[in-house]
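Heads up, the thing below is written out as structure tokens.
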Amino acid sequence: GDDVKSACCDTCLCTKSNPPTCRCVDVGETCHSACLSCICAYSYPPKCQCFDTQKFCYRACHNSEKEEVIKG
């Protein structure tokens, strides 16, 4: 679906098994769009992390263009 296509992750950890088990460990105000199991800490702003595991990593959220925009 579109949720999986638009999902992104900057920090993805995978096991060395075959197939690998991968998990996105990004912490942010929301979880990525394809996340089914999103756990958020009651803080302001909230700190959320996705606890889904899958056999792949999503593409990185930050490409060089976005980083330049943030720095500017």
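Heads up, the Cβ atoms here are built off N, Cα and C, so glycines get one too.
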Of the candidates C31, C48, C50, the one sharing a disulfide with C40 in Swiss-Prot: C48
From C9, C14, C35, C38, partner that Swiss-Prot gives for the disulfide involving C24: C9
Recorded disulfide partner - C35, candidates C22, C50, source Swiss-Prot: C50
Partner cysteine of C14 (disulphide bond, per Swiss-Prot) from C8, C22, C31: C22
Protein Cβ atoms within 10 Å of C61 (disulfide bond), excluding its own: 15
CB contacts for C22 (disulfide bond) [other CB atoms within 10 A, all chains]: 18
